[in-house]
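Enquirer: My questions all concern the structure below.
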Amino acid sequence: MNSVRKRIAIFASGRGSNAEALYQAMQAGEVNGEVVVVVSDYSTAAVLAKAQAWGVPSVAVERKAYGSKEDFEQALLDAIAPYTPDVVVLAGFMRLLGPTFINAYPNKIVNIHPALLPSFPGLHAQRQAVEAGVKVSGCTVHFVDYGMDSGPIIMQTAVPVMADDTEDSLAARILPHEHTTYKRALALLCDDKLEIINRIVHVKP
Ligand SMILES: Nc1nc2c(c(=O)[nH]1)N[C@@H](CN(C=O)c1ccc(C(=O)N[C@@H](CCC(=O)O)C(=O)O)cc1)CN2
Ligand SMILES: NCC(=O)N[C@@H]1O[C@H](COP(=O)([O-])[O-])[C@@H](O)[C@H]1O
């Protein structure tokens, strides 16, 4: 394991359970990283209160305060620059990032999605799965690229879908698997164990 901990910026729009799971994993030494800043696009997001309780710097960058997507993304970059992150972790961050932000952190941005990509990209993935009648869904950790949930896949976990599942009951069943899958994927990234060859992610021996 690399002794120098990776500096992690976490972006979240809401409650922050994935952010919390990752913070706790880093505190426990399960992931070779440290959360240096937490960013939300909503000043009322519960994740900001979590960060304050952890003693981690937090910043709200509200989309409505900026006239353009580019200005918003530049504000995101300006907000995290002082913390010099190595990795940007999206954990329930509900904004599509464009080239302004992505180009500043090439192959350094990861995301958790509550479905087995490439199935059910975008918002309300659990609802899409229930409505499609699939018997298996799950979660995906992937690198973020210019597309929506189209980046190279790092890790996935399958979760059964029950006949009487609703969007909420499926989301509740998938969520703990998101926490463990994200923790395992980020541990590999922080230990420099991942490489991308022709958009396929390989784990180095
Ligand atoms: N360039 C990328 N940005 C983001 C990705 C990605 O794969 N590439 N993942 C998303 C997370 N996400 C699904 O996992 C997702 C989040 C938000 C949206 C979306 O359509 N957002 C709307 C705004 C919604 C709102 O205002 O509430 C938008 O940005 O227009 C789709 C998928 C994070 N970013
Ligand atoms: N398209 C992105 C998306 O749907 N992300 C999902 O938002 C939730 C955030 O929960 P959390 O704030 O408790 O981590 C998580 O289930 C995550 O997979």
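Going from the start of the chain as shown, residues are counted 1 onward.
Backbone N, Cα and C atoms are what each Cβ position is placed from, and that goes for glycine too.
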Enquirer: If I go by TrEMBL, which of Lys69, Lys135 binds (6R)-10-formyltetrahydrofolate at the same site as Met94, Arg95, Leu96, Leu97, Asn111?
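Expert: According to TrEMBL, the candidate sharing the (6R)-10-formyltetrahydrofolate site with Met94, Arg95, Leu96, Leu97, Asn111 is Lys69.
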Enquirer: Checking your reading of the structure: which of the binding-site residues Lys69, Met94, Arg95, Leu96, Leu97 lie inside a 10 Å Cα sphere centred on His113 (active site, proton donor)?
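Expert: Matched binding-site residues: none.
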Enquirer: Tell me which residues of the chain lie with their Cβ under 8 angstroms from that of Met94 ((6R)-10-formyltetrahydrofolate binding site), as long as they are six or more apart in sequence?
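Expert: Looking at Cβ-Cβ distances below 8 Å from Met94 ((6R)-10-formyltetrahydrofolate binding site), excluding near sequence neighbours, one finds Ser13, Gly14, Asp41, Leu123.
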Enquirer: Give me the Cα-Cα distance between Lys69 ((6R)-10-formyltetrahydrofolate binding site) and Asp149 (site 'Raises pKa of active site His'), rounded to a whole Å.
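Expert: Given the Cα positions, Lys69 ((6R)-10-formyltetrahydrofolate binding site) is 18 Å from Asp149 (site 'Raises pKa of active site His').
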Enquirer: Ten-angstrom check, please: count other Cβ atoms within 10 Å of the Cβ of Asp149 (site 'Raises pKa of active site His'), all chains counted.
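Expert: For Asp149 (site 'Raises pKa of active site His'), the 10 Å Cβ neighbour count is 21.
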Enquirer: Roughly how many Å lie between the Cα atoms of Arg95 ((6R)-10-formyltetrahydrofolate binding site) and Asp149 (site 'Raises pKa of active site His'), rounded to a whole value?
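Expert: So the Cα of Asp149 (site 'Raises pKa of active site His') lies 12 Å away from that of Arg95 ((6R)-10-formyltetrahydrofolate binding site).
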